[in-house]
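Student: Encoded as structure tokens, here's the structure I'll be asking about.
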Amino acid sequence: MFFAQQKSMMAFLQQFALLALLIVFITSCKAETLEGDSVEVGHNYSSKSSATEHTSTSINDSTDGHAPSEISTLPIVTWKWHHIETPYLVALWILTCWLCKLVCELNHNVTSVFPESGLLIILGFILGGIVWGADKAQTFKLIPTNFFYYLLPQIILDASYCMPNKLFFSNLGAILIHAIIGTCWNAATVGISLWACYEGGAMGTLNIGFLQFMLFGALISAVDPVAVIAVFEEVHVNEVLYILVFGESLLNDGVTVVLYNVFDAFVSLGGPKINAAEIIKGIVSFFVVAFGGSFLGVVFAILISMLTRITKNVQVIEAGFIIVLGYLSYLTAEMLSLSAILSITFCGVCCQKYINANMDEKSVTTLRYTLKVMANGSETMIFVFLGVSAIDKNIWVWNTGFILLTILFVVVFRFIGVFFLNWVLNQSRLIPIDITDQFVMAYGGLRGAVAYGLAALLDEKKIPEKNLMLGTTLIVVYFTVILQGITMKPLVQWLKVKKATNSDLTLNGKMNNRAFEHILTAMEDICGRMGDNWWTRHWKYFEDRHVCWLLMKSDAKKHRDPIFGAFHKLNLEDATKYVTEGECKGSLSFIRNYESTSVDFKKKLALQYADIDNVPVTSVMKNSIPSVSLDIHEQDRKSTPDDLSAHHLLDQHLYKSRRNNCPTYSRNHYNTSENPDEMQEIFQRTMRSRTESFNSPKMGFNPVKKLSKHPNKDSTHKLNGKPADPHRTHPYGDGDFEISAASASSGEIAGHFHRRSTNTHGAGVDNPAFIPEIDTSPPMRNPPWQTETGNNAAVAPSQRAQGRMPWTPTNLRHLAPQRMRTRSTDSIVTADASLDEKAPEEKPGKHHTRL
Amino acid sequence: MGSTSSTLLKIPNAEVLMQETGFSPAHIIRLHDRFKALDKEGRGYLCPQDFGAIKELAMNPIGDRIIGAFFSPGKETVDFSTFVKILAHFRPVDKDRPKEPNSPEPINSRSNKLKFAFQLYDQDKDGKISRDELLKVLRAMLGMQVTEEQLESIADRTIQEADLDRDEAISFEEFRKSLEKVNIDHKMSIRFLR
């Protein structure tokens, strides 16, 4: 324990030293540029150093970089820092920020208490300090343009694309009320009460008018989705609470930006010019901007969905279309001065269903992961830069009264607003929102980068006290993200907030959900009233009739069906489990070993798939996991001519690729014991192939094999902590043995099978890679045998294969016990996850796809 | 439609109904209005044909089963109190109302809601959902999109999921177990009946 901790500490220190070095490097690069510029071109130093962010230096680069002095001789290599300065610095900063995340994730003891976002901000402080120390000025800051155009869009797109659609729309009313009314309430009350306190003399003399206070109130009321997601993803609250907080923070941003713009316009208009007409215009503009942005998003969603209907031939870049068009929806809205955030939000939310149905399953996965990488990456950068930006002498104007009162009002009015709105909502909700949920909702009002970005956007000419506002915003951000972030988890536990129940995906659940919907609508019809189900049903009807016709491939419709989708997913899960389990135990070797078997297998598979997906759904089903892994082998096999050398080549290839995997697989667990075994295996294998080449009877080395294998097996049983019950741990191996014994007609074949079964016993733990090679080598070298074993094997393992095939409807009875068993072994595997690498690999993936 | 609005006094044994179902007088009156509207000939009871006249219900894939649920076996009619009692299944569970210790289980309890759903599947009333019964419901609900083989495999799989005692059918106990994690109160409640 202690050692492990120390190790992680060491790693932490190492990483940190690396980071510090990087920063020093960056700043020195920067400093060099500055000096170089001032020397070479005689550029104005001061204007250069006030360039706010790294990308903004690019304007200068284009002029400086291409000023080659006259050369006397041909240079072999030249130092071209100016050419690459900007992208280089950007890339270095991205790297630094991501390394920060790495550092944060090193020690799980810390992250379990301290939210990652807070840690990133603190690391940002340190980095900022280093920059400050090296440069004596803050040369790197988060400037609003970069934030709003390059960092924010992907986060919002990711959040909206991964939004649980049904949940979102069924709670849309509550979310909208919180986002619109709640935000206006916060903005107004914070602004007014700050102004009142100022008038009352709580802050000394400041050059802030009423409208400026209102503007500040508007920008500080932005509940930040980035911060909220970062904190709430670690605390698994129940889904309704989650969607309320998440959806609210997402839409609330858009509303805040709109409010901000309205008040900004008022401020520039100046107090005296504002009359009733202007105020009405402001209100109208609020609604036009907000709803116009949302509408634009829906239009783009329709465009995207229609586009994905025809991108089948360019599957490689299919996912890119969505990202680009989503970004365009953001920029277009910005261009039309509509709400860009709302636009991209609705774009993501609305198109997700159709593009998921239209696109290839692989493209969907690609899109998901790309978005996740981009969103997480920029989220990390935002938090780090929130920290870095703070280390700047210029922005800090301290006014205790203003800052403390802001924090107080922000928190208090948030609570009042949330409780009041929830009270109103609860009057008509079927399932009322609990008081604890309300409390968490109010407490989850974290402010973040959007507020900071808006504050940084303030115009110093119009608002003389910009720096005070900026500083206060930063403090509010730190207060909410760090303090509330830390206390959120204990609070949720202490209040016993209902956590998310991870319900299993079951066909029963899906089917009955559907049945319940029908029953409810029928009852509403009988009662003759329009209830909630009336709307959902009519929307569904409309969607089926018109929307799907327009936006969805005709063959993709079926996959939308939840019951069928569940069925499909369950089958995929089974198949994956089947394959992984088979790989663990080495029992899938029969697929590779016996050509005729696998052909049979393949036929069966094709038949099943033809049944299940009714052919038109070509890409989606055919490329699903099981068929891929099996298909590739199959295709490889088909493409190779049936002569022995090619076959041998293939097997060699299979062996190698798997062997490459194996060390990472097992080395961790069997550090000392594994490697000698492996060596011995290789040795034995080569020895055997040599003996085989002499055509000697293979019974000769069988005992050797057994001797080497069995101790190994025992030891691994101990290591794994699994019960040493062969029926449980090696179901395939034993089945194999029985079948082979039953179908054995000649001694030779029996011997062969016998050996095979012993191999699979051991292979379950130590090294599945060797089994195919060992098994296939004899038939290869011995043509007469191959035909013999081939014929027999065609019967025996294929039966087994069919028996184990999860998706065979006629064989479902066989499946039942197998599923039970898979579950039980799986639970063991996940329990000691450190022993089996497969489990941790699989879990995060699942987690992500279910987001 | 109903020409005159009903009052509580006109409704036979309204008090008892309210006691049993937990509906408020306003609900009873509203349901009685609806009942009269459905009962076009004013016979005081409803026939399956009366339900069939509801246009939307005809579009419901399992509409006939739901209509069937109103009629106890062998009967061709449903009177008002049965009508209300069936609808009472869908009243949301009220948490604030104090529960009397010796009162019978309310109609809108979780298990009663489940029983209602269960009997929609179990058409032959043998207490078990057989493969055929399940297949019929699935066929109705999934419609044209899925082939017969797929339907069969879905049905097989569904039964297998829930079937604990391996009798190739889902008993009520198994049905309830399979839906243990589902929030029935939420899914089988109609808001305006609160």
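Including glycine, each Cβ sits where the backbone N, Cα and C put it.
TrEMBL entries are annotated by machine, without manual review.
What you are looking at is a predicted structure, and each value in this text was computed from that prediction instead of being measured.
TrEMBL lists A:1-31 with the feature signal peptide. Taken from TrEMBL, the feature compositional bias 'Polar residues' covers A:45-62. For A:45-66, A:693-735, A:787-851, the entry in TrEMBL reads region 'Disordered'. What TrEMBL lists as domain 'Cation/H+ exchanger transmembrane' is A:112-494. Taken from TrEMBL, the feature transmembrane segment applies to A:118-135, A:175-196, A:208-232, A:241-263, A:283-304, A:316-333, A:403-425, A:468-486. TrEMBL lists A:724-733, A:835-844 with the feature compositional bias 'Basic and acidic residues'.
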Student: Between the transmembrane segment (A:118-135) and the stretches A:283-304, A:316-333, A:468-486, work out which stretch tops the count of Cβ pairs under 8 Å.
Tutor: A:468-486
Student: Other than its close neighbours in sequence, what residues sit by the transmembrane segment (A:175-196), given a CB gap under 8 Å and a spacing of at least six beyond its ends?
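Tutor: Same-chain residues near the transmembrane segment (A:175-196) but 6 or more away: 168, 210, 213-218, 220-223, 243-244, 247-248, 250-252, 254-256, 259, 290, 402, 405-406, 409-410, 413-414, 416-418, 421, 424-425.
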Student: Would the transmembrane segment (A:208-232) count as touching the transmembrane segment (A:468-486), if touching means at least three Cβ pairs under 8 Å and pairs must be 6 or more apart in sequence?
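Tutor: The transmembrane segment (A:468-486) and the transmembrane segment (A:208-232): touching, yes.
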Student: Given the transmembrane segment (A:403-425), which of the listed stretches A:241-263, A:283-304, A:316-333, A:468-486 has the most Cβ pairs that are under 8 Å apart from it?
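Tutor: Comparing A:241-263, A:283-304, A:316-333, A:468-486: A:468-486 has the most Cβ pairs near the transmembrane segment (A:403-425).
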Student: Under an 8 Å Cβ to Cβ limit, what residues of the same chain, 6 or more beyond the ends of the transmembrane segment (A:468-486), are close to it?
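Tutor: Long-range Cβ neighbours of the transmembrane segment (A:468-486): 113-115, 117-118, 121-122, 206, 216, 219-220, 224, 227, 230-231, 383, 386, 389-390, 395-399, 402-403, 406-407, 410, 443-449, 451-452, 455-456, 458.
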Student: Taking residues 6+ outside the transmembrane segment (A:283-304), which of them lie with a CB under 8 Å of any CB in it?
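Tutor: The answer is 180, 254-255, 258-259, 261-262, 321-322, 325-326, 328-329, 332-333, 336-351, 354-355, 550-551.
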